[in-house]
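Features as listed in TrEMBL:
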| type | residues | note |
| --- | --- | --- |
| TRANSMEM | 24-48 | transmembrane segment |
| TRANSMEM | 60-79 | transmembrane segment |
| TRANSMEM | 99-120 | transmembrane segment |
| TRANSMEM | 156-179 | transmembrane segment |
| TRANSMEM | 191-211 | transmembrane segment |
| TRANSMEM | 231-249 | transmembrane segment |
| TRANSMEM | 269-293 | transmembrane segment |
| TRANSMEM | 299-319 | transmembrane segment |
Amino acid sequence: METEEFIPVNDSDDLPQLLAVKGWTWWSLVALNIAFLLIGQAAAVTLGKLYYEKGGKSNWMAALVQTAGFPILLIPLVLFPSTKSLKTAITTYSSDPSVFAVVVMYIVLGILLAGDNMLYSLGLLYLPMSTYSLLTATQLVFSTTLSFFINAQKLTLLICNSVVLLTLSASLVVVQPVGSTDSKKYSKEKHVIGFICTVLASAAYALLLSLMQISFEKLIKRETFSVVLDMQIYTSLVASCVCVVGLFASGEAWGLKNEMEGFKEGKTVYVLGLVGSALAWQVSSVGVVGLIFLVSSLFSNVISMLTLPLAPVAGVLFYGESMTWEKIVAMFLAAMGCSSYIYQQYLDDMNSQAEESEELGSS
């Protein structure tokens, strides 16, 4: 078996070096994945809420569309096949992981992804879009904790500040005025169920990201673009199979025809909405997995929070949701929390470049 050249990965701060991509090239890849994540996530959440608002009732269908669009990823996988690119000057021995280990990894991650999607669907059903989106900020709190224990992520003052601000943001969302438009539309019982499901989904998602990162570092250990696509395709395949089983086992599959015929915006919008949502989720997921591969699971989670200021505004414009002072303050705190972590990432990058310059100068 051939020996390949890889950089040994010890923690999440080493992931940028995994690709051996420096300077503007690395930042360009990061920026591209950020765009995928933000655009895809914003479109997916908006279309997902449209499904429920206009007559959609199947929670398993709402969960299924979050992964069912994975076949579209076969196109870039064929166009950009795996190559021995982006090698480094550091040589270590690396063997391919066993097929059994990889299959088990995809199955475990896929099942976790399916459960996470179901919880998010229930949260989106029982909560206003703005409240739901702001509550997902708790992902970062869980991600920070899990990254510390699982991925050896360093906790700095700026990262801790980010966690505190986002926790305060989520706390404000919980305290909603009793007489608001949203409270009248969504009962207290549904609000509680939606809150619990969204928080649990955020915890599951943070765990999923950390497990993906450690899979890249400890199991896969390869440095090609196809690695990112493989992770997304196979986990989505497993998750989709789980959701299809749930769709038929629950009996929801037999009511889809009536659901489509009774959709307020018509059959065409019903189909296009589901297809568009499926594609948007895949675009977002590629961005998520790409950022885990390039940077870390925690950074990927923080970037996904950048849609927070947009979601409440979209909820007001498209679904007539109320914009209370609690939501406005929560949006501000969420934006500050995300900015705090992004600045920490910038400082880490500057320090890394300075250390590399010193090493080159002394050699």
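Every residue, even glycine, has its Cβ placed from backbone N, Cα and C.
What TrEMBL says about a protein is an automatic prediction, not a curated fact.
Contact between the transmembrane segment (60-79) and the transmembrane segment (191-211) is not supported: fewer than 3 Cβ pairs lie under 8 Å, counting only residues 6 or more apart in sequence. Sequence-distant residue pairs (6 or more apart) of the transmembrane segment (231-249) and the transmembrane segment (269-293) include at least 3 whose Cβ atoms are under 8 Å, placing the two stretches in contact. Distant neighbours of the transmembrane segment (191-211): 108-109, 112-113, 115-116, 119-120, 122-127, 131-132, 135-136, 138-143, 145-147, 150-151, 174, 176, 183, 288, 292, 297-298, 300-301; these residues of the same chain sit at least 6 beyond its ends, with a Cβ under 8 Å from one of its Cβ atoms.
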